[in-house]
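J.: Sharing a structure with you now.
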């Protein structure tokens, strides 16, 4: 029966696409699994897509979404990925490869962070400045951030930034699971991101406590410090419960029933974490400005100091973009 269906599709699309496109389409369909052929048969008989030629189908976003939804429901993840690769070849599209951009971007950010950290440490030694809790937290955050950076580089080397259908099952799983460890790379990445973010914000708040003597301000800063610590601790714990069992996080991508569970578990963790940190970023920008305006400096110098402390707006913008992408996803 499947052969008859396949023949019907080929004949129909040969008439629609012409001889030049029919040969490549024929090879794509012959190589496709039954679930994918069933999806194509059903969609091509749909009034919304009936009569469209090859170029029209390739450019039709609704067709791409419909075939994607059908493949997700009826096929395994590997079959869906393979069909996606054939769709790219059939439509003459170039596969996405962002590994170079990811690598360059992370290298630049890690280099800048290292330079600023080194400048701070040199200033501490040369100027004989007292060592504070904020300095210790800065050193700790730097250690966590460098570990985060190393894991990210491994992920870029293994899988991150490229099309999944170019990767073997082993590569995809290795991208989620460390080959010589029972833990997962992406899982580690989440852990280090949550912990590093909490430590960095704690270091900034401790710095505020060291330079601003106002009692009311110090109470607000300490409350903010506790709130930030609670966010870090709670989400650190919740990371271990985003999927059940935890191994589903790196093995479940091949299981149809588990895929939605993995996405839902990850989304329930990342969106609240991103939203709370966005609010915290805004509050931590406003907090020191209430004190800086009362500093006994000339207006020009006062505005310069306020501008320096307002650099956090860049972090806030990044956090807003992240939350927006998470909600959209």
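From the backbone N, Cα and C atoms, a Cβ is placed for every residue, glycine too.
What you see is a predicted model, and the numbers here were worked out from it, not measured in a lab.
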J.: With the ranges 50-75, 76-101, 102-127 to choose from, which does TrEMBL describe as transmembrane segment?
T.: 102-127
J.: Per the 3+ Cβ pairs under 8 Å rule, pairs at least 6 apart in sequence, do the transmembrane segment (186-212) and the transmembrane segment (102-127) touch?
T.: no
J.: Under the DSSP assignment, what numbers of helix, strand and coil residues are found in the domain 'CFEM' (31-91)?
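T.: Tallied per class, the domain 'CFEM' (31-91) gives 47 helix, 0 strand, 14 coil.
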